[in-house]
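Beneath this line is the structure, given in structure tokens, with notes to follow.
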Amino acid sequence: MYLLPLPAAARVALRRLGVRGLWDRGLSTADMTKGLVLGIYAKDKDDDLPQFTSAGESFNKLVSGKLREMLNISGPPLKAGKTRTFYGLHQDFPSVVVVGLGKRSAGVDDQENWHEGKENIRAAVAAGCRQVQDLELPSVEVDPCGDAQAAAEGAVLGLYEYDDLKQKKKVAVSAKLHGSGDLEAWEKGVLFASGQNLARHLMESPANEMTPTRFAEIIEKNLKSASSKTKVHIRPKSWIEEQEMGSFLSVAKGSEEPPVFLEIHYMGSPNATEAPLVFVGKGITFDSGGISIKASANMDLMRADMGGAATICSAIVSAAKLNLPINIIGLAPLCENMPSGKANKPGDVVRARNGKTIQVDNTDAEGRLILADALCYAHTFNPKVIINAATLTGAMDVALGSGATGVFTNSSWLWNKLFEASVETGDRVWRMPLFEHYTRQVIDCQLADVNNLGKYRSAGACTAAAFLREFVTHTKWAHLDIAGVMTNKDEIPYLRKGMSGRPTRTLIEFLLRFSKDSS
């Protein structure tokens with residue numbers, strides 16, 4: 001145990017407020033390693049007082065109303081997502097952070113397409129936990145704030161930071177549920193957030209560390225520790241050649257790093273022969289653009305061009321931990337896209353697994369080339385659903401930015417399921433057009449059956465989706481273009497700056513709901 005010195009200014013403030021702190025009383029037995037995050041709602045009416053949550057009200061009574069007294073005279077009412085820290089109120093919690101939750105009545109917002117109350121909890125709890133981390137306290141108890149799952153997600157997502165390769169690291173903070181609330185919901189939230197953090201870790205890691213082989217090994221380790229109902233196949237280049245995945249191989253051949261086709265199985269259904277859901281993820285572990293090389297500015301971000309593979313694999317790991325009663329298969333073609341004497345050249349023609357030929361007019365449109373073969377292979381499992389995720393186009397970022405994942409699908413039923421899941425998680429999706437209008441722009445090709453570029457500069461995300469559709473015959477397929485949500489600057493308050501791991505939680509929620517519908 002160590003003693004955290006109370007800041008001098010805070011000690012003066014406490015004395016002026018008439019609160020004799022633990023430091024004044026000399027209680028050496030106090031637990032100085034633990035913080036507490038409590039929620040308070042905004043006023044519903046102008047003449048109302050802001051109301052504590054149940055946990056907040058209980059703590060206020062425990063300290064004889066001092067928390068309310070200090071809060072009232074320390075500044076204006078807390079707005080949603082804002083925090084205020086108090087010291088020395090109780091020997092078990094030397095630091096108490098009160099967080100603004102917004103209005104208690106906040107629910108699903110049909111314009112924002114999310115549950116505002118849940119989002120407020122995630123943002124507020126994340127801010128409170130970071131305050132505790134800044135105080136270098138290794139433990140924090142968190143008020144469930146009326147939704148223990150959302151609170152857990154805010155805590156675990158908000159505290160995560162990739163510092164694996166730094167000598168100086170932030171204090172690791174262990175977040176626990178405060179009181180005897182809904183522990184099951186809290187643990188579910190921890191699981192959802194941990195799944196997203198796994199994707200963030202994979203995406204943030206530098207490309208010289210996170211090679212195709214290393215990526216596959218990490219997923220294998222995580223999946224096998226999640227459940228015994230799993231199988232992992234790390235397919236080498238020779239297997240890819242046997243499968244005649246010429247489109248995938250054409251991208252991989254430019255790099256000295258060997259390609260890997262990762263195939264993971266979670267067999268949760270009591271019926272071993274039940275048709276699976278198949279998730280497919282783009283796995284470019286570094287994208288230089290190839291011969292059609294990218295500008296050097298921000299090229300380092302292309303270490304996360306395997307975000308599709310990271311999110312779908314992390315979602316399946318989470319589904320295995322949840323022990324969902326369904327069968328799921330994950331497919332991830334993994335390679336680098338590099339320029340060399342062996343690399344694809346503009347104008348080359350390659351052949352996909354289904355026999356279709358592809359004219360490669362731009363080697364930086366490589367994600368669709370590797371997905372084409374993976375989508376063809378996905379059909380061999382006779383799946384119920386095929387969903388692929390990919391950081392596919394800069395055009396998607398231009399269209400939606402970081403507000404939502406773009407979804408292109410041939411199934412309104414599948415769209416509705418994904419949308420409903422996203423409202424729950426706050427990691428939103430938005431339906432994009434899959435018109436024949438765009439298909440004509442990719443099949444009008446001089447040398448081959450299909451071109452990896454659209455005929456015109458405009459609607460790049462739509463023509464990329466139309467290209468993928470040429471390799472899909474399944475009637476329940478969705479393509480998630482996650483290029484716009486790949487990173488977070490300051491848009492999502494409960495995620496730190498860096499790779500976002502989105503939309504992992506939405507995929508987990510989709511799987512959870514699908515499993516309930518199936519049963």
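Each Cβ is built from the backbone N, Cα and C atoms, and glycine gets one as well.
In Swiss-Prot, the annotation N6-succinyllysine falls on Lys45, out of Lys45, Lys237, Lys253. For the residues Lys61, Lys166, Lys224, Swiss-Prot attaches the annotation N6-succinyllysine to Lys61, which does not rule out the feature elsewhere. The Zn(2+) 2 site recorded in Swiss-Prot includes Lys282, Asp287, Asp305, and the single candidate from Glu217, Glu220, Glu366 that the record places there is Glu366. Of the residues Arg104, Arg122, Arg303, Swiss-Prot places Arg303 in the same Zn(2+) 3 site as Leu202, Met203. In Swiss-Prot, the feature N6-acetyllysine is attached to one residue out of Lys82, Lys169, Lys455, namely Lys455. Noted from Swiss-Prot: of Lys34, Lys103, Lys294, the annotation N6-succinyllysine belongs to Lys103. According to Swiss-Prot, the listed position annotated as N6-succinyllysine out of Lys170, Lys384, Lys476 is Lys476. Listed modified residues: Ser54, Ser194, Ser238. The one with the lowest count of other Cβ atoms within 10 Å of its Cβ is Ser238. Calculated from their C-alpha atoms, the gap between Asp287 (Zn(2+) 2 binding site) and Arg303 (Zn(2+) 3 binding site) amounts to 7 Å. Distance between Cα atoms for Arg303 (Zn(2+) 3 binding site) and Lys282 (Zn(2+) 2 binding site): 12 Å, as a whole number. Cα separation, Lys282 (Zn(2+) 2 binding site) to Met203 (Zn(2+) 3 binding site), rounded: 12 Å. With a 10 A radius on its CB, Arg303 (Zn(2+) 3 binding site) counts 22 other CB atoms from all the protein chains.
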